[in-house]
Structure formats: C-alpha cells, structure tokens
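Marked as transmembrane segment by TrEMBL: 9-29, 41-61, 73-93, 99-118, 127-145, 157-178, 190-210, 248-266, 278-297, 303-322. The annotation domain 'EamA' is assigned in TrEMBL to 10-141, 244-315. Positions annotated as region 'Disordered' by TrEMBL: 328-351. Annotation source TrEMBL lists compositional bias 'Basic and acidic residues' at 329-338.
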Amino acid sequence: MNERAKYKLIGFIMMFGSSSLMGGIGAFARFIDAPGDFVSFWRNFAGLLALSLIFLFIGGFKKVRETRFSGTMLLSGIFLGLLSGLYCLSTQYTTLANASFLIYTGPIYSTVLAAIFLREKLNIKGILCIVAVVVGMLFIVGIITPEGLTLDLDPKYSFGNAIAFASGVAYGLYLFFSRYREDCDSNVRSWWNFLFGSLSIIVLMIWHHFFLQPLSYTEKVNGVTQFDASGQIITHAWNLFTMPASSWAVLIAAALITGFGAFYLLTHATKRLKAGELAAISYQETIMASFLGLLLFGETMTVFQIIGGTLIVVGGVAQIFFSTSAAGKEGDAGKLPDEQPGGQSADPAQA
C-alpha cells in the first residue's frame, strides 16, 4: 500500500471513528435534563475549550494567526453548529423518524455539490455504495418497514419537517465547504469550526427561546421518556442554574466524546476524503445509535433494521476498498494535500 492509499485509509478510519462517536449522542442525551440545542452548544463549545487548552501548550495559536482566514472556513463552522442545533430543535416539532431521515439527506447534497463545483468524479461503484448506505439508513431509522413507508407528511409536522430539512441542508453544506482550503491545518480548521459552531447555536437558542417557546427538557426515568395520561411527552421549564450535578457530568462526557472527539475527527476526515467517500461512511452513525439502544436500553432491532445495518456496512467497506485501490493505482506521483502549498484553490469565498 503506497502513501496515497494510506492517506485515504487514515481518512476512512477517522470518518468511521467520527460517525461512531456521533452515534452516541442519543444515548447520552437520555440522561441529560437540558434542551437539545443546549446539549448541541456544549458539543461545540467543549471542543473549543479543549482545543484552546491544547493550543496553549503546543503554541497552536501562532498557527491560527498565520493561517489565511476565508469565507468557507466561516461557513463550515456555522453549518457545523446548525446541523446539530436544527436537528435537536426539529425533534420537538416532528417525528423522530422524519427528523432522522431528513438530516441524513445531507451527505447526498454534499456529494452532488462537490461533483458540480469541485469536479469530484463519482463513478458507478461509488454511486452504488451510496445507494446501499442510503437504503440501509432508510431501513434502520424506520422510514421503510414491513408495513410500508412511515414518513409522516401530516400538515401538523410541516414546521418540524422544514427545520429537519434545514438541518440536512446544513449537514450537506458543512461537508461541502469543508472540502475547500486543503492547505489549512486541520487543527486550525477545527478550532474555527468549534468557535463559529458555538456562536451559531447561541443565536439558534435565542431564536428558540424568545420566538418559538421557552427552553424546556423532557422528563426521563432511567433514560426513558415519560408520557402523561393523554399520551403527550412530559416537559419541564429549563433553568441552567438548577440542572442536577448528574446531568452536568453526563453533559460534559457527551460534549467531549460526541462533540470534541467526533467533530475533530470529522474535520480531519473531510480533508482526506471526497464528498462521496464521506457520504458512504457517515451512515455508520445510525448503526452505533441502534447498537447502543440495544446494549443500554434493551431496544431490540427489527429484521429490517438488521438488513439496513448490513447494507450500511457493506456499502461502507466497499467504498473503502474501491477508494484505497484506486489511490494505490495512482502511484506515489505528485504530492499529498498536506504537502501542497495551495491545496484546494477553487475557494469561492476567499475573504
């Protein structure tokens, strides 16, 4: 395996690790008495704090100052915050299946945008891999079941579906804009992503609290959401200063693992992999979420979900094989992106 193939393989490992860590947020959130967008804020803010602390010891801020800042770096950070913040918000206004399906359309958008604007070629093998993982996702999140399609288009969910769709667009745009500026050090890019991601969620929380409804959290017992006699989810007004210590402990763990760890690896992966390659691995998150549901809460997987998980694994492994094989055939000619002074030159937002 030559250096190009190794470079690709490391990118796939990083993407697999990132999506696996992100798949744990649902399990953590069940033990946090706080609104979802507040949890999303900490996933980014913890990354900012952790990376800033590391930079103080290794002199990382010098590299931040030396790196040319551009519009695509700003946009990737904003959309990183919006993809998780909008998703959490959407779950309060639509079904979980709808919200999950709509955010996972994001990698498809990024693949199409990268093919158009970045000229990232997508061959038939890559298309088949993406089709396999997308169909697998539809099975595992419950959109396709033995009873048929469960996507609920009831008008009462229109607002929630629109927000969930926006979260998918944000996800796609994050992956797309992250493909620019390959000359930028990934640690520096991560720091900017965490900063603007945190700020974007603060704006989202203000809009949520003052223009939609006051921030609240769902009542849970041993991680299980509670319902009242009429079948409605029981919620309580949220107060930052009365959050129990146990919630803070779980929140910090969730922020470091599913925020700092997951998003840091994701930033590194987006530098090494094309949009289509990222898409083929991103749905691993749904497998991890289902596995944790089974392990921690006894939530058994249906036959359709098992089939879906298998499709995601097969599609992802096939993409890794095809991409590393192609990279190996290219030989060692030329430089890797890390070695190139210009990187991805077609930056439409050089500011």
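FYI, residue positions are counted from 1 along the chain as it appears here.
Backbone N, Cα and C define each Cβ position, glycine as well.
Annotations in TrEMBL come from automatic prediction, not curation.
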Highest-contact recorded stretch vs the transmembrane segment (73-93), from 41-61, 127-145, 157-178, 248-266, 303-322, CB pairs under 8 Å: 157-178
Listed stretch, out of 99-118, 190-210, 303-322, that has the most CB pairs under 8 angstroms to the transmembrane segment (278-297): 303-322
Residues in the domain 'EamA' (10-141) grouped by DSSP into helix, strand and remaining coil: 105 helix, 0 strand, 27 coil
Recorded stretch that, among 9-29, 127-145, 157-178, 190-210, 248-266, has the most CB pairs under 8 Å to the transmembrane segment (99-118): 157-178
Tally of residues which DSSP labels helix, strand or coil - the domain 'EamA' (244-315): 63 helix, 0 strand, 9 coil
Any contact, the transmembrane segment (9-29) to the transmembrane segment (248-266), with at least 3 Cβ pairs under 8 A: yes
Ranked first among 127-145, 157-178, 190-210 for CB pairs under 8 angstroms with the transmembrane segment (41-61): 190-210
Stretch with greatest number of CB pairs under 8 Å, the transmembrane segment (248-266) reference, 127-145, 190-210, 303-322 candidates: 190-210
Average pLDDT across the domain 'EamA' (244-315), rounded to a whole number: 94
